[in-house]
């Protein structure tokens with residue numbers, strides 16, 4: 001959505017606030033996503049197809065967030081001083097990271113749909129195919145956009161020629177905008193199917209265990225809570241937030257409030273993904289807790305052995321031998 005630019009001081013102040021929200025939100029999201037990627041990549045217990053897809057989505061988020069921050073800096077400070085070559089490279093990078101961000105959302109939706117709805121086809125899902133979709137398809141789309149724009153250039157005024165021409169609007173922009181719209185539409189369909197299956201399963205489980213959840217009213221309330229929680233978690237993962245804020249007020253105080261809310265929701269999508277699918281993930285929490293306990297046990301055993309060694313005056317014992325023994329104890333607890 002293209003926001004209307006105004007020279008009124010009040011509107012300018014709100015524009016600064018909106019940009020600040022974006023900047024802070026993307027920065028916090030980048031930090032959280034980087035921590036989540038480190039956790040997924042470092043701990044072997046977490047290496048599975050589902051988490052690898054999450055990790056690639058997070059990497060796409062990180063790239064898109066960083067490029068957006070650079071884009072803001074370029075537009076504010078360097079727009080009149082950058083060369084056309086730098087402008088071309090930067091805009092291509094901007095569009096590519098944006099598309100990878102959306103295509104990995106599509107991969108998340110496709111994997112979830114296959115896992116929940118098409119359960120008999122789970123074995124057909126392979127990571128290389130998802131990698132091609134998430135990183136390869138955006139490259140093809142961006143190259144097609146560049147070729148189309150080069151083959152159909154538009155005339156520019158003298159003032160426009162001094163600026164970055166690749167940032168100006170061109171009808172060929174639909175080459176990369178259409179896939180984004182398609183991803184949001186398809187993911188919305190995936191979300192509807194997944195929620196339908198989930199709600200059906202919740203009702204089936206409740207009917208098979210009458211009285212297990214209390215009176216019928218309590219059972220329905222529990223079902224609603226679980227369905228609402230699932231919906232809340234899936235919205236940022238599938239990019240539905242973009243649909244929720246795709247249109248809004250364009251004038252007055254309501255437009256400013258909508259711009260602030262939109263900036264907050266869009267800039268913190270990556271943060272929510274990191275929280276829901278890493279920091280609050282049961283497997284991740286168990287893995288971190290187990291590693292922490294093992295580390296404490298090894299440290300405690302090391303202190304005890306050092307204390308006993310000092311009490312019997314084992315001054316001639318090789319230090320490397322003791323370290324090896326402690327390490328073996330830690331590994332044996334795996």
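A Cβ is built for glycine as well, from the same backbone N, Cα and C atoms used for every other residue.
Here TrEMBL flags 18-281 as domain 'G-protein coupled receptors family 2 profile 2'.
Annotation source TrEMBL lists transmembrane segment at 20-43 (among others). Only residues 6 or more beyond the boundaries of the transmembrane segment (20-43), in the same chain, are considered here, and those with a CB under 8 A from a CB of the stretch are 51-52, 54-55, 58-59, 61-62, 65-66, 68-69, 72, 260, 263-264, 266-271, 273-275, 277-279, 284, 287-288, 291.
Annotated transmembrane segment per TrEMBL: 55-79 (among others), in sequence order.
What TrEMBL records for 85-107 (among others) is transmembrane segment. Remote same-chain residues near the transmembrane segment (85-107) are listed as 53, 56-57, 60-61, 63-64, 67-68, 70-71, 74, 130, 133-135, 137-139, 141-142, 145-146, 164-167, 176, 179-180, 183-184, 186-187, 237-239 (criterion: CB distance under 8 Å, separation of at least six residues from the stretch ends).
Using a Cβ-Cβ cut-off under 8 Å and counting only residues 6 or more beyond its ends in the same chain, the transmembrane segment (127-147) has close neighbours at 49, 52-53, 56-57, 60, 92, 95-96, 99-100, 103-104, 106-107, 110-111, 172-173, 175-176, 179. The annotation transmembrane segment is assigned in TrEMBL to 127-147 (among others).
The transmembrane segment annotation in TrEMBL covers 176-199 (among others).
Taken from TrEMBL, the feature transmembrane segment applies to 230-247 (among others). Here the transmembrane segment (230-247) has Cβ contacts under 8 Å with residues 1, 57, 102, 105, 108-109, 112, 183-184, 187-188, 190-191, 194-195, 198, 258, 261-262, 265-266, 269, 272-273, 276-277 of the same chain, all six or more residues outside its ends.
If you look up TrEMBL, you'll see 259-280 (among others) marked as transmembrane segment. Same-chain residues lying 6+ beyond the ends of the transmembrane segment (259-280) with a Cβ under 8 Å from its Cβ atoms: 3, 14-15, 17-19, 21-26, 28-30, 32-33, 35-36, 39-40, 54, 57-58, 61-62, 65, 233, 236-237, 239, 241-242, 244-245, 248.
Outside the transmembrane segment (55-79), and at least 6 residues removed from its termini, the chain residues within Cβ reach (under 8 Å) are 19, 22-23, 26-27, 29-30, 33-34, 36-37, 40-41, 90, 93-94, 97-98, 100-101, 103-105, 107-108, 130-131, 134-135, 163-164, 167, 237, 269-270, 273-274, 278.
Summarised as a single figure, the pLDDT of the domain 'G-protein coupled receptors family 2 profile 2' (18-281) averages 83.
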